[in-house]
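Undergrad: Below are the features I grabbed from Swiss-Prot:
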- 15: active site (ACT_SITE)
- 101-303: domain 'ATP-grasp' (DOMAIN)
- 134-189: ATP binding site (BINDING)
- 150: active site (ACT_SITE)
- 257, 270: Mg(2+) 1 binding site (BINDING)
- 270, 272: Mg(2+) 2 binding site (BINDING)
- 281: active site (ACT_SITE)
């Protein structure tokens with residue numbers, strides 16, 4: 001008897017719409033691969049009942065809080081249900097950009113200079129020391145919530161008088177916010193599938209940076225896979241990504257986003273342990289370049305579930 005698979009999609013995070021699209025694609029791909037899969041939306045179904053509903057395994061196609069941050073993973077482990085992607089700790093760390101950066105920095109890996117602020121500090125008014133630290137980053141900077149995905153709540157700040165508004169927006173989404181030095185070079189993403197690192201992708205957004213619209217709505221964002229790097233650069237990038245992935249304790253599948261600055265140095269941005277799987281998504285694109293169909297990709301991700 002084949003396993004009955006729950007594809008978790010939708011949910012209640014800010015990335016619900018993206019997740020519904022990802023989940024629909026994953027569901028179709030699994031069924032094409034002969035898998036007995038069914039959609040389950042945690043917004044409508046009590047996921048503590050998955051086992052009593054007869055499911056033996058879970059494919060997590062949720063993005064953001066409640067699906068990608070370790071909470072769901074912990075519950076599935078308590079229930080004894082195997083699931084796709086990283087475990088509790090790696091999921092929680094990857095969702096938290098600040099703590100990812102601290103870990104990577106501690107491991108000697110390159111990250112962009114940043115200043116972290118809490119909502120309480122912002123509401124009280126920033127100290128002279130904090131203002132000096134922010135000023136030392138130079139302009140432009142990028143302001144982002146620490147625990148939000150899909151570039152939700154993120155802004156590029158090019159003038160000092162725009163910083164307060166950018167912080168206000170970011171604090172609508174999280175208690176902690178990062179102000180990061182703007183890196184001017186191209187952005188790359190590298191997907192990981194089991195032990196395999198897939199070909200890197202270079203991202204060229206039509207706007208200022210790779211924001212929510214560029215990720216999911218724009219037809220003008222350009223993707224290059226292969227990324228056009230020299231063989232030695234591609235090897236350096238893959239080695240950096242593998243180190244970043246293992247430092248966080250990630251497993252199964254996911255991707256890591258990286259910037260190449262004008263100084264020729266790669267800088268780690270963030271890890272995604274449950275990336276998008278829509279028509280615009282990057283992991284399927286990298287898999288295609290490696291000779292793998294979408295259906296083969298999702299079946300392989302499911303095989304890696306434990």
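Every residue number used here counts from 1 along the chain in the order it is shown.
The backbone N, Cα and C atoms fix where each Cβ goes, glycine too.
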Undergrad: Tell me the coarse DSSP state (helix, strand, coil) of residue 169 (ATP binding site).
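TA: Residue 169 (ATP binding site) sits in a helix per DSSP.
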Undergrad: In whole Å, how far does the CA atom of residue 183 (ATP binding site) lie from that of residue 257 (Mg(2+) 1 binding site)?
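TA: Between the Cα atoms of residue 183 (ATP binding site) and residue 257 (Mg(2+) 1 binding site), the distance comes to 13 Å.
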Undergrad: Within the chain of residue 148 (ATP binding site), which residues six or more apart in sequence place their C-beta under 8 angstroms from its C-beta?
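TA: Result: 14, 64, 65, 154, 173, 174.
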Undergrad: Using all protein chains shown, find which of the binding-site residues 134, 141, 162, 169, 183 scores highest when you count other CB atoms within 10 A of its CB.
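TA: When each Cβ's neighbours within 10 Å are tallied, 141 leads.
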Undergrad: Please identify which of 15, 176, 257, 270 has the densest Cβ environment, defined as other Cβ atoms within 10 Å, among these recorded positions.
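TA: In terms of Cβ crowding, the pick is 15.
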Undergrad: Within 10 Å of the Cβ of residue 281 (active site), how many other Cβ atoms can you find? Include all protein chains, please.
TA: 20
Undergrad: Suppose we draw a 10 Å sphere around the Cβ of residue 272 (Mg(2+) 2 binding site). How many other Cβ atoms does it contain, all chains included?
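TA: Taking all protein chains shown, residue 272 (Mg(2+) 2 binding site) has 24 Cβ neighbours within 10 Å.
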Undergrad: What same-chain residues, at least 6 away in sequence, bring their CB to under 8 Å of the CB of residue 155 (ATP binding site)?
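TA: Within the chain, residue 155 (ATP binding site) has Cβ neighbours under 8 Å at 142, 143, 162, 165, 166, 169, 170.
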Undergrad: Give the distance between the Cα atoms of residue 257 (Mg(2+) 1 binding site) and residue 272 (Mg(2+) 2 binding site), rounded to the nearest whole Å.
TA: 8
Undergrad: In whole Å, how far does the CA atom of residue 272 (Mg(2+) 2 binding site) lie from that of residue 176 (ATP binding site)?
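TA: Just about 19 Å between their Cα atoms.
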Undergrad: Rounded to the nearest Å, what's the C-alpha distance separating residue 15 (active site) and residue 134 (ATP binding site)? Just drop the number here, would you?
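TA: For residue 15 (active site) versus residue 134 (ATP binding site), the Cα atoms are 29 Å apart.
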Undergrad: From the Cα of residue 141 (ATP binding site) across to the Cα of residue 270 (Mg(2+) 1 binding site), what is the distance in angstrom?
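TA: On Cα coordinates alone, these residues lie 16 Å apart.
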Undergrad: What is the separation, in Å, between the Cα atoms of residue 176 (ATP binding site) and residue 281 (active site)?
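TA: On Cα coordinates alone, these residues lie 27 Å apart.
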